Each structure stands twice: as structure tokens, then as C-alpha cells.
């Protein structure tokens with residue numbers, strides 16, 4: 001058979017390396033299936049390009065956030081629960097920052113990084129929870145296009161920054177226990193400021209790259225996001241263009257900014273544990289380990305909930321996945337002040 005006369009099976013295949021969502025494929029069959037002679041993939045592609053050009057002229061001014069639109073009574077319960085958790089998060093982290101600034105005894109590098117972590121937790125949750133609480137009481141949850149873009153940018157940036165900041169805090173504990181005599185030199189005020197600035201800068205640059213590539217994709221007028229907020233994977237599902245590069249970039253960024261920091265944290269604590277075990281006194285070993293316990297607990301909570309959210313089997317009810325993502329973003333940051341407050345009490 002000639003290459004210019006494709007079979008029906010070949011006609012159904014996406015051409016030119018482009019990825020077509022399921023809804024786009026279905027719409028193509030509705031238009032062309034059973035109507036006259038089969039057209040070649042290339043003619044179909046030209047028609048589809050013209051359709052997309054026309055569709056892209058419909059500018060999306062706002063997005064509809066589905067949330068739990070079929071269970072409004074549950075949204076009212078979530079409003080009360082999330083409001084309490086969010087208030088505790090903002091109050092606890094604000095008090096932690098205030099104490100670290102006002103108390104001269106808490107101006108060590110560890111508490112400097114802790115203040116940065118608390119600021120990330122306040123800004124990260126505020127970027128989506130505040131608007132989400134308002135939408136919980138509405139019959140239809142909506143967000144403007146600029147608001148959605150800003151929300152996605154901030155959640156990505158602050159999430160990446162937190163991963164890098166946890167590595168910096170692990171390095172601080174490594175130097176304090178394994179290199180105590182050089183601690184003032186290696187963890188000077190200037191060095192701490194540079195490491196914090198590098199963490200913030202890397203996170204925000206990474207988010208800018210992802211956001212730019214995501215919003216440059218054609219959406220064809222689709223504006224319904226199946227989530228509580230503008231999460232990047234939910235936004236990518238609106239695209240009717242090729243998202244393979246975006247998915248690949250997301251995987252690479254996850255490996256570099258999430259998995260690599262976890263490996264570095266584990267490596268640092270291997271050296272810390274080896275150094276602690278060499279201490280002859282049991283009391284000294286307990287004291288050395290207690291300086292790491294709060295940070296180690298935060299790391300376990302952060303990566304433990306993150307792993308559960310992304311590596312658990314997919315739930316039959318998609319609403320369950322949305323609720324888990326909601327509590328991961330709202331509950332986990334509120335635990336950090338409690339963990340470090342218990343450490344300070346000791």
C-alpha cells in the first residue's frame with residue numbers, strides 16, 4: 001500500500017509528533033468519521049491548525065475551579081477546618097519569626113534558616129488557601145487569569161525553595177556536629193545569607209521557567225480546572241497542544257529540586273549519625289542528636305506526605321486525591337512551629 005494512502009488505523013494516529021488529548025481525538029472523529037472519503041493525516045492536520053488558531057482567539061479571562069462542586073455541604077465543613085488550620089499556621093509561624101528576631105539567644109544560623117522556612121510556610125499557604133476559603137462559600141469557584149497565573153507561580157516557587165532550604169538546614173547541622181571548631185567560619189552571617197538567597201532565587205527562577213512554558217501552550221478556550229487551586233498538572237490538562245516537553249521538564253525539575261535534596265539530606269545525616277556514635281558519653285550523644293531531631297522530623301513529615309500524595313495508588317474517587325493535596329498544602333506547614341517549639345522547650 002502506498003504511503004500516501006493511509007489506512008483507517010494510520011489515520012487515527014497523531015501526526016508531526018504532536019500530543020492530542022482524548023477530548024480532541026473524540027471531536028476529530030465526530031467531525032470526520034463516516035463522512036465521505038477518508039482524508040490524509042496531513043490534510044486533517046491543516047484543518048485542525050486552522051481550528052486551533054480560531055479557538056485561541058477566544059481569550060480566557062477567568063477559570064472555574066471545580067473543587068468539590070457536587071458536595072457543597074462538604075465544602076462548608078472544609079471551610080471551617082481549613083480556616084482553623086490556616087489561622088494556626090499563620091499565627092504559629094509569625095510568632096516563631098518574631099521570637100527569632102527579638103530574642104538574641106535565637107540568632108544562630110539554625111534559627112535564621114528556620115525564620116526563612118516559616119516565611120515560606122506563611123506565603124505558600126496564603127497563596128492559595130485565602131482565596132480558596134472565599135470560594136468554599138460560593139456556588140461557583142472562580143479565579144481570574146492573572147490570579148491563577150500568580151497562584152501557580154507562587155506555589156511552585158515556594159515549594160521548590162522549601163526543598164532547597166531543608167538541604168541548607170541539613171548542612172548547618174552537619175557542620176555543627178561534624179565540624180564544630182570551624183562552625184563560626186563555615187556558617188558566618190554572610191554565608192548564611194548567600195545560601196538563603198540562592199535557595200529563594202533558584203526556586204523562583206525554576207517557577208518562572210515552568211510558568212512561562214505552561215501559559216504559552218494553547219488552551220483553545222478551556223477554562224475549567226479540576227482542582228481547588230491552580231496546580232500546574234491540573235492547568236496542563238487544559239492545553240490542546242503538545243505538552244510532552246512540559247512533562248519532561250517537570251520530571252527533570254522534580255529530580256533536581258526534590259529528589260537530589262533528599263539524597264543530600266540523607267547523606268548529611270549519615271555523617272552526623274556516624275559522628276554521634278563516636279561520642280563516648282551517652283548524655284553527650286543525646287544532646288548532639290537533640291539538636292538535629294526537630295529538623296529531621298520536619299524532613300520526614302515533608303517528604304513523607306509528599307511521597308504519599310504522589311506515589312500512592314490512584315484513588316477511584318478523584319475527589320479524594322484533591323482533598324489529600326489540599327491537606328498536604330495546608331496542614332504540613334502548620335506542623336513546623338509545633339515541632340520547633342517542642343525542641344525549644346527541651
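Cβ coordinates are placed from backbone N, Cα and C, and glycine is handled just like the others.
Within the set 48-65, 174-191, 192-209, the record from TrEMBL flags 192-209 under the feature transmembrane segment. When the ranges 4-27, 76-99 are checked against TrEMBL, the one recorded as transmembrane segment is 76-99.
Contact count against the transmembrane segment (288-311) (Cβ pairs under 8 Å) is highest for 323-342, out of 76-99, 111-137, 192-209, 247-276, 323-342. A contact between the transmembrane segment (76-99) and the transmembrane segment (323-342) is present, since 3 or more of their C-beta pairs, 6 or more residues apart, lie under 8 Å. Using a Cβ-Cβ cut-off under 8 Å and counting only residues 6 or more beyond its ends in the same chain, the transmembrane segment (323-342) has close neighbours at 68, 78, 82, 85-86, 88-89, 92-93, 95-96, 114, 117-118, 120-122, 124-125, 128-129, 132, 155, 227-228, 231, 294, 297-298, 301-302, 305-306, 308-309.
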